[in-house]
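Trainee: Structure in structure tokens, see below.
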Amino acid sequence: MFGKKKKKIEISGPSNFEHRVHTGFDPQEQKFTGLPQQWHSLLADTANRPKPMVDPSCITPIQLAPMKTIVRGNKPCKETSINGLLEDFDNISVTRSNSLRKESPPTPDQGASSHGPGHAEENGFITFSQYSSESDTTADYTTEKYREKSLYGDDLDPYYRGSHAAKQNGHVMKMKHGEAYYSEVKPLKSDFARFSADYHSHLDSLSKPSEYSDLKWEYQRASSSSPLDYSFQFTPSRTAGTSGCSKESLAYSESEWGPSLDDYDRRPKSSYLNQTSPQPTMRQRSRSGSGLQEPMMPFGASAFKTHPQGHSYNSYTYPRLSEPTMCIPKVDYDRAQMVLSPPLSGSDTYPRGPAKLPQSQSKSGYSSSSHQYPSGYHKATLYHHPSLQSSSQYISTASYLSSLSLSSSTYPPPSWGSSSDQQPSRVSHEQFRAALQLVVSPGDPREYLANFIKIGEGSTGIVCIATEKHTGKQVAVKKMDLRKQQRRELLFNEVVIMRDYHHDNVVDMYSSYLVGDELWVVMEFLEGGALTDIVTHTRMNEEQIATVCLSVLRALSYLHNQGVIHRDIKSDSILLTSDGRIKLSDFGFCAQVSKEVPKRKSLVGTPYWMAPEVISRLPYGTEVDIWSLGIMVIEMIDGEPPYFNEPPLQAMRRIRDSLPPRVKDLHKVSSVLRGFLDLMLVREPSQRATAQELLGHPFLKLAGPPSCIVPLMRQYRHH
């Protein structure tokens, strides 16, 4: 212990150090300097190497503009793919779409190192979003088939032809703050060669300055216009600790009304993604959804994330003149044209409110007009649905909104490539508000409602409960600011679909109003919250599962008979009353099909619940709701959907390429439930059972009364 202390070893610095290599680049001579000798042979022939061929017809001149809240997506062309994004964006994250809860479980750290410098992060989440739209007219559907034929040839297998675009690789373009673009409907990359040179100046003129400039998130996009891009956030596991109310299902970014992201439940966010394709002004595709951005082209649309205290300006234009997600009575359409079309005199002044209808129009039987609603909002106007054969009485939302900014008398149909093309005006806030005024009730709901209490918020707005003064009954009021929507036209879904379709198992909308610049939708208040609370915190027996399935299938059978596809079936979209009755809600993503438009193609829904044909970009119909219901059954059995521990894009790849998912503990499931599930989770849509067929399945005979659900609600509230 008294030994001599060892001397500390000293380490000298480097000796005879020489800085032999210092690599640089001479911009004047366009040469590298100071390269190691071994590298010279690799670069010696660079100067003599021919430059890559660039087709000038494929380059669109653009003008840099301030950041724009509204950016439109391009139609994916031949080279686009789901795979390109699936390969590159496995770490994209998703947030619960329609949760209105104020609490959220802790979020596992995704690891900052896994995200490149192009990703903007907050609380471990990354947001990507772009939107485009969906073909919904007969001509559009025919054009889509013609385009596939021209791209892939006559002898291509139909299934492969539909999914070929999902087999190539995409690449990524990073868009930074202030570099977003706005554009009206744009042509395909493959169509540019057919345009005259003057058409580029027309495209260039479509870029517009930003209304808002406080957006802070960076976006990284697939430049090959891959059909996949998301405005959602992802947490791989569910954690207890959520309170019980349900949030709107639209796939918008978080709105401005609340605190930071940590205050809300993390659930997969519904995604509305698709393509916008080029058409002349009078032949615009009615499309909605989202596509990915072409490099150096102002294509694509984005919902930008903002600072928690900032604003998320969602001019849903998730705007464009797009997605006919439902049909609008033709008289509504005619009124909108009369009110909002530009004056024939060529004046630039548009009417700022609903114009007085001439006598002939007033006598046309506008029975569903809001101006003939009864004074009591509970007396919702009854609507007699025409059969699918009489769909000529209905106009798509795209056409409806197109009428706001375009009049055939003012804008003659332009020819492709013509330098004299008339540029359509973008729908102004006043025009859109005037159009919406036609389908809502007149008056101010505050005259008969009081005691507004905010119970939650969603991506489109906030939800309050209010008390009806003369009855004391509680109602739910969804308040949505028109100026802060990502796709304003989808607000028509909130009004028209819920107004016109009434069923015991569909959430009832009493009325809707325009209060200032906000759309207020007054609907029944369901105290039981969302089914998600039950599947997350409890375990359901087969009687309870059958009870839920029976109610949902009744609602779906009714909607499908009317030609309505819900497109976002999941536990978040199922609400419960205090006595256990089950109702379907969240119609923001629904779509109408008819004989004229028998299929849809936009990538819509929440990844884990999406049907394979939706992910593969194949035309689909009401069968997609049946697949999603099957996934929801697995959710009720296992507590979460299949692949929920994987990133959404990886899960989508597995859904698209793998056999139908199975229950984790198959031995715990009865054979009758397995048979019921097998009829829904069929990869081939034509072989999938319909809602009407499933209503006759023996499994549903196990269904009990609504009261059998009540113990589950009590159980999760004790967590």
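Using N, Cα and C of the backbone, Cβ positions are placed for all residues, glycine too.
The active site, proton acceptor annotation in Swiss-Prot covers ASP568. Swiss-Prot lists ILE455, GLY456, GLU457, GLY458, SER459, THR460, GLY461, ILE462, VAL463, LYS478 with the feature ATP binding site. The compositional bias 'Polar residues' annotation in Swiss-Prot covers 271-291. The compositional bias 'Low complexity' annotation in Swiss-Prot covers 358-373. Sequence annotations record features per position, and here Swiss-Prot assigns domain 'Protein kinase' to 449-700 based on sequence analysis. Annotated phosphoserine per Swiss-Prot: SER104, in sequence order. What Swiss-Prot lists as phosphothreonine is THR107, and the listing cites similarity to another entry. Per Swiss-Prot, region 'Disordered' is recorded for 1-29, 97-123, 256-299, 340-373. Positions annotated as region 'Linker' by Swiss-Prot: 25-448.
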Trainee: What's the CA-CA gap between ILE455 (ATP binding site) and ASP568 (active site, proton acceptor) in angstrom, rounded?
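Mentor: Distance (Cα to Cα, whole Å): 23 Å.
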Trainee: C-alpha of ASP568 (active site, proton acceptor) to C-alpha of VAL463 (ATP binding site): distance in Å?
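Mentor: For ASP568 (active site, proton acceptor) versus VAL463 (ATP binding site), the Cα atoms are 20 Å apart.
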Trainee: With every protein chain in view, what's the tally of Cβ atoms within 10 Å of the Cβ of ILE455 (ATP binding site), excluding that atom itself?
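Mentor: By my count, 18.
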Trainee: What does DSSP assign ASP568 (active site, proton acceptor), in three states?
Mentor: coil
Trainee: Averaged over the region 'Linker' (25-448), what pLDDT does the prediction give?
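Mentor: The predicted confidence over the region 'Linker' (25-448), as a mean pLDDT, is 46.
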Trainee: Just to be sure I understand, if DSSP states are collapsed into helix, strand and coil, how many residues of the region 'Disordered' (1-29) fall in each?
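Mentor: Tallied per class, the region 'Disordered' (1-29) gives 0 helix, 3 strand, 26 coil.
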Trainee: I want to verify one value. Collapsing DSSP to three states, which class is GLY461 (ATP binding site)?
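Mentor: Looking at the DSSP assignment, GLY461 (ATP binding site) belongs to neither helix nor strand, so coil.
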Trainee: Cβ neighbours within 10 Å, counted over all protein chains: which one of the binding-site residues GLU457, VAL463 has the most?
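Mentor: Compared across GLU457, VAL463, the most Cβ atoms within 10 Å surround GLU457.
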